[in-house]
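Database features (TrEMBL):
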- ASN60, TYR63, GLU64, CYS118, THR153, ASN201, ARG206, TYR217, ILE218, LYS219: Mo-molybdopterin binding site (BINDING)
- 80-235: domain 'Oxidoreductase molybdopterin-binding' (DOMAIN)
Amino acid sequence: MANRWRNTLTTADVTPEAMFLNRRQVMAGAAAMGLGLTAAPLRAATGLEPNSYEDITSYNNYYEFGTGKEDPARNAGQLTTDPWTIKIDGLVEKPGDYVLSDLIPQMTTEERIYRFRCVEAWSMVVPWNGFELADLLDLVGVKPEAQYVAFETLYRPEEMPGTRFPVLDWPYREGLRLDEARHPLTLLATGIYGKPMPNQNGAPIRLVVPWKYGFKYIKSITRITLTDKQPKTSWNMANAREYGFYSNVNPQVDHPRWSQATERRIGGGLFARREPTLMFNGYDEVASLYEAMDLRKNF
Ligand code: MTE
């Protein structure tokens, strides 16, 4: 019970941009002083109280390991995540098979405490460790013709019991428009709470796009392709009426089978009041990316 997360957030508490800039300053300051890092001052300053490690690692969606919320924690232990190679190809200057352990030391890794909103109308707050996807894109060099980034999850049936069932067309696929991918909020996460990414959460590296529904956060990425065409995505292929390419959190556009106006906080207890869902999950600074678009059509 000590770990129970209690909601103290109001709309006014959600200042993600200030928060992540802050974090960089905190990190830089701490590094300069040679201090060990702790997220405590930042958390207190922003009021974003993360869910417990237990919540974040025991209530998961990772269909390659089963469709139940407890299946990934139960079944993902057998996944081999080291060594890990990411193929980066398509419209890039330096395509290749990048070994993750060589890549990570070249990136600026930091902690980002973000709200997480699942399309199933539940939410958490997660302290991710990771680096900006933009930094990786700069490292490999994006060609001017590229407009989108496509991602693929590992497909290894012998370690992924859920892939025996045709729930989705494996491998799991996702995509972003290039400006979304380059946005400084967009991360490739390699850990949670300063610990290496647990297998059930998408070890060793997964996408984090905090203004989009959770299914965009593709796990255990083995391929990143720069392209000039909008990539196919697993959930859109499975049900285009219910899952669009953009999948921005939007309380005004309901899922065909349920409302998106409110959300249930995981860890808040069975009788916790549902909270209103915020446009772009509260990350208003991304609104300019969609200014010219009808977000009812482009859901
Ligand atoms: N990635 C893969 N490869 N397979 C999946 O089934 N599920 C998605 C996303 N990434 C999924 C995936 C969905 S629906 C959600 S809500 C989030 O992962 C859940 O992330 P979490 O388990 O870390 O909370």
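Including glycine, each Cβ sits where the backbone N, Cα and C put it.
Sequence features, as recorded in TrEMBL, placed on the structure.
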{"residue": "ASN60", "record": "Mo-molybdopterin binding site", "DSSP (3 states)": "coil"}
{"residue": "THR153", "record": "Mo-molybdopterin binding site", "DSSP (3 states)": "strand"}
{"residue": "ARG206", "record": "Mo-molybdopterin binding site", "DSSP (3 states)": "strand"}
{"residue": "ILE218", "record": "Mo-molybdopterin binding site", "DSSP (3 states)": "coil"}
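Of the residues the record lists as binding Mo-molybdopterin, namely ASN60, TYR63, GLU64, CYS118, THR153, ASN201, ARG206, TYR217, ILE218, LYS219, the two whose Cα atoms sit farthest apart are 19 Å from each other. In sequence order, THR153, TYR155, MET160, GLY162, THR163, TRP170, TYR172 are the residues of the chain that are 6 or more apart from GLU64 (Mo-molybdopterin binding site) and have a CB within less than 8 Å of its CB. In the structure as shown, the Cβ atom of THR153 (Mo-molybdopterin binding site) sits within 10 Å of 25 other Cβ atoms. Here the domain 'Oxidoreductase molybdopterin-binding' (80-235) returns a mean pLDDT of 98 for the predicted model. Other C-beta atoms found within 10 angstroms of the C-beta of ILE218 (Mo-molybdopterin binding site) number 25, with every protein chain shown included.
The C-beta environment of ARG206 (Mo-molybdopterin binding site), restricted to residues of the same chain at least 6 apart in sequence and closer than 8 Å, consists of LEU188, ALA189, MET197, TYR217, ILE218, LYS219, SER220, ILE221.
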